[in-house]
Amino acid sequence: MEMDHTERAYREAVAKLKFLLSESYSQPPEVIYSHTHHHHHVSPLSRSPRSRFDTSTLSIAPGPIVKHPSDSSLATVQAPPHEFVSYIQRQEDYIQQLEKEKSFFQEEMSTLMNKVKEVLVENENLRRDKKLQVNVSSSEDSGSEETVEEKPRKKRSQSQERPHSRLASSNIVLESKISELEAQLMQTKIDLQKAQEEVSSCKMRPFDSEPRSLPLILDDSSGAEANLKDQINLLQREKDELHEALIKLQLVVSHLEKTSMVQKVKSLDVVDQAQFEKNQAELEVRRLMAELERAHEKQREAMQEQNRLRQDAERRYNIQLEKLTSDLQEQWDHTGKLSLELDRQHRLENELRRELNQKISFIDELKKELTAKTSCRIRVRTVCKGNLQSEALSASAEKESLERELASAKLSTERNDRANKQEIQRLQAEVTSLRQRLDRADVDLLHSRKETIRLKEQIASLEKELNLTKLESVDRPSALDGKREDLSAMIKSMDAKHLQNIADLESMIETQTELMDKLKDECQNLTLKLDETSSRHKEEVINFNEFNDGLMSRLNHVWSNCHELRRLCEVHGIYSFSQMSKWSESMPSKTTHWTINETISDSFAYTSLDDSCVNYGLL
């Protein structure tokens, strides 16, 4: 078969090469004919694959074509490409590899055939030896024994002709028992032969003794006939005794034969019983092995289920841990943001207080300056008339600017209130979500504990089953003890790993609960701080609104005083538009965007002007 495969591969390679060469370049047919004509005496069937391949390669190789005298010019012009040469070399290597594989497989086949022959010869020798043993044992028995032993011998021959798949230990035990029984049988046969020889000697003894006694009788013929009668009686008695002894010996021999036959039958029955017990033991061993295999399969399935449940619990725990760590990171980030916002609020509060103190000091300075200016204005009455008009105009402008600033301040305070309310609501929602997550984590913890308890119960049930199987398999061979020890060691290691995993999970859950308690405390502290800052901010806003209301009332009072003063000036003829315009041009220009504190100082100035006017009789 290998020869056909190699030949077919070689022919396919040669055909493919010829086809490729015929398509690649057109070589003249007479050149190929003239080149292959030198090898017409070698038949393709008689050549080896190697030689045929070499000749085929010579038909396309560039070297021989160039050297040929008739094709030198044509071969130099049309040289084959390099890939065909490499392909041919690969084909040569492939053919060499196939030849090596062929030789290797032939050697392997020869070695296998030799081994098979040796095994067959050994089997024939063993069969021949057993047949000889059976024939020898059957030939040694007597004819009467053959009729009795026909059935046990058949059983024995059948037991000897059974297949060689028995266990070595049981065969050795049975052969030893059979050899002992055969030795006992041979001993009984030897005893029987000795008894038969004694019987035959006893039978021949009267005939031997009678010729020796006849000469005595002849010699003593002169004696009395009583002597002869006595001898005859003596011989008769001796004959009777010998006959009785012969009968006894025959009885003993028959008894021995019967006992040997019974022992032989018993030995064969014992052999059959031992064989039956051995078969029953083998069946029991196979049954126990099947039960053990089923128990192992159940235990493996339980272990796989336990591993799957443990992996699911670990996966759920890892997912919960990642979720909680992400939530914790978010809470830390939010806490950092809140702390930064709180610091900013504190800085803003300090800046506002500092600005308030600056404005209060500026108001005091303006009061002092206003008192100085009022003293100067009282001295110069005419100047006061024009200055009052300019102050009234500036007061109207400042009133509008103050109203705008108050509106913007109110809007900013409202925005701050809304932002603080939204922040408080958001923090409350986050606190509730954290509490819900803590509740869910507690529920998951309880579920995982229940699952660990269930797994412990499963492990306990598996241990009970294992103990039961151990108790049932006490009489099994010692080869199963190693498996049981390995199985118990594996179960113990798995229990230890499971306990270690449970301890790790419990420690991680405890650390997680401690961390969540810390987060709860920090959230409560932050909410308290936020409530305090919001209440403080509300109080400051209320104070600021009250202060603005007071300022507005004072501004309205000043504005009414200004209108009353203008009316009185017009009534007394002090007010003139040209004079007021001159005084307004001569006075330094003021910006219209005054602050609240400047308005307050102007209100103080107007009140002082009212007092001065009252003192001088203008009002």
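Don't overthink the numbers, they just go from 1 along the chain as shown.
The backbone N, Cα and C atoms fix where each Cβ goes, glycine too.
Because TrEMBL annotations are produced automatically, they should be read as predictions rather than curated entries.
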For which of the residue intervals 502-536, 572-606 does TrEMBL record coiled coil?
502-536
State the residue range annotated as coiled coil by TrEMBL; the candidates are 4-45, 88-129.
88-129
Same-chain residue ranges lying at least 6 outside the coiled coil (502-536) that approach it to Cβ under 8 Å:
313, 317, 321, 324, 328, 331, 335, 338, 342, 345, 420, 423-424, 427-428, 430-431, 434, 438, 441, 445, 448, 452
